[in-house]
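Would you mind keeping the following structure in view while I ask a few things?
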Amino acid sequence: MLCLCLYVPLIGEAQTEFQYFESKGLPAELKSIFKLSVFIPSQEFSTYRQWKQKIVQAGDKDLDGQLDFEEFVHYLQDHEKKLRLVFKSLDKKNDGRIDAQEIMQSLRDLGVKISEQQAEKILKSMDKNGTMTIDWNEWRDYHLLHPVENIPEIILYWKHSTIFDVGENLTVPDEFTVEERQTGMWWRHLVAGGGAGAVSRTCTAPLDRLKVLMQVHASRSNNMCIVGGFTQMIREGGARSLWRGNGINVLKIAPESAIKFMAYEQIKRLIGSDQETLRIHERLVAGSLAGAIAQSSIYPMEVLKTRMALRKTGQYSGMLDCARKILAREGMAAFYKGYVPNMLGIIPYAGIDLAVYETLKNAWLQRYAVNSADPGVFVLLACGTMSSTCGQLASYPLALVRTRMQAQASMEGAPEVTMSSLFKQILRTEGAFGLYRGLAPNFMKVIPAVSISYVVYENLKITLGVQSR
């Protein structure tokens with residue numbers, strides 16, 4: 001007779017037996033043969049429940065909330081294939097063994113810095129024969145029915161650029177795991193991210209339009225406040241006017257995201273890194289270049305967004321009418337007004353956003369990632385909000401100058417200005433504070449934008465067949 005038992009090794013702890021796998025459809029006398037018994041201490045029951053739920057969700061094909069024997073065997077086979085891919089990605093030397101240096105290198109590539117002692121501690125937990133290296137059998141035996149603590153899990157749970165949309169698509173693209181690339185899940189993540197961005201931008205569009213108005217029209221002599229700005233917009237064009245410019249802002253998500261992702265993947269190959277995931281500085285370079293390519297491709301849409309947000313009632317009948325009138329009156333060059341400060345703003349925004357997010361991620365993983373790399377909703381939202389806020393704060397003066405240059409030609413009697421002359425003019429007439437006009441509504445929309453995009457992203461993932469967090 002066969003019996004499958006898993007024992008979690010514990011020393012000197014009160015243990016309780018739990019059985020939760022049985023084979024349905026078998027004669028009653030055989031049901032006890034195919035079972036899984038797990039012995040765990042009572043104080044670790046919460047960890048056990050999370051672990052059980054993860055395994056059941058992964059293998060439950062008929063969605064009845066439990067695994068029968070056939071589903072369990074299928075889960076083991078499928079999970080072993082995934083573990084093989086992870087093992088190969090960690091085995092930098094291709095010698096069939098993983099040592100402490102390879103563990104440190106793999107985590108360092110993701111921005112997670114650990115000491116050699118910490119790497120050796122991880123190694124010892126899996127090393128059965130005391131060689132201070134892990135072969136495939138040791139790796140498989142440890143992880144097959146053990147809470148996962150691996151590189152793909154960190155990538156899976158800590159996606160940032162794909163999930164959060166605060167209206168400025170200047171973040172460094174996310175990495176995808178080997179499995180996500182091979183199964184085609186990557187494009188589902190991008191579609192979910194695009195849909196989340198569309199909903200998020202639409203919900204926060206009134207604050208975004210107010211920011212643009214304050215960037216262009218607010219000054220010492222015209223001290224526009226938030227309440228006054230909303231009142232002015234509603235008085236001029238009614239409640240619908242709060243969403244002016246939102247259509248083009250949503251429309252540009254798809255081409256910009258697609259171009260940036262494709263450019264990022266090509267630049268990764270040009271960098272020539274043999275790692276599956278890039279190091280932090282390589283990600284910054286590749287992400288900034290990809291962002292520059294994407295922004296260059298869709299920049300006329302950025303100009304249209306600003307002009308549509310600033311338009312008066314009846315000025316344009318729609319986006320195409322706006323584009324035709326700009327082309328006829330100002331020429332093709334008008335569609336690239338503010339291009340230089342926009343490009344210069346990519347590096348501080350992307351660099352600081354990435355650095356802050358990776359620092360917060362690393363701090364959390366070092367301190368709290370005991371059984372899983374899953375940070376939970378609130379930690380993820382907090383990290384995304386803080387990193388986006390810091391990135392925007394650093395690049396905001398360039399964003400303000402860009403917006404004023406985009407709007408300048410549409411203002412009657414406005415002289416032609418350059419980036420440097422506009423900086424000097426603002427500093428001379430308004431001081432350093434003038435470079436941060438509209439910052440308040442911009443920051444006010446960060447938390448709702450991040451929260452809305454996260455909720456919509458998670459729901460769209462389920463709809464598109466991506467395994468939920």
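For all residues, glycine too, the Cβ spot is worked out from N, Cα and C.
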From the topological domains that Swiss-Prot annotates, would R244 and G376 count as being on the same side of the membrane?
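They are annotated on opposite sides of the bilayer.
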I'm checking region-level scores; what's the whole-number mean pLDDT for the domain 'EF-hand 1' (47-80)?
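Mean model confidence (pLDDT) across the domain 'EF-hand 1' (47-80) is 65.
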How does the domain 'EF-hand 2' (78-113) divide up by DSSP, counting helix, then strand, then coil residues?
23 helix, 2 strand, 11 coil
Helix, strand, coil residue numbers for the repeat 'Solcar 1' (184-270) per DSSP?
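Helix, strand, coil within the repeat 'Solcar 1' (184-270): 73 helix, 0 strand, 14 coil.
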Which number gives the other C-beta atoms within 10 angstroms of the C-beta of Q66 (Ca(2+) binding site), all protein chains shown included?
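Excluding its own Cβ, Q66 (Ca(2+) binding site) sees 15 Cβ atoms within 10 Å.
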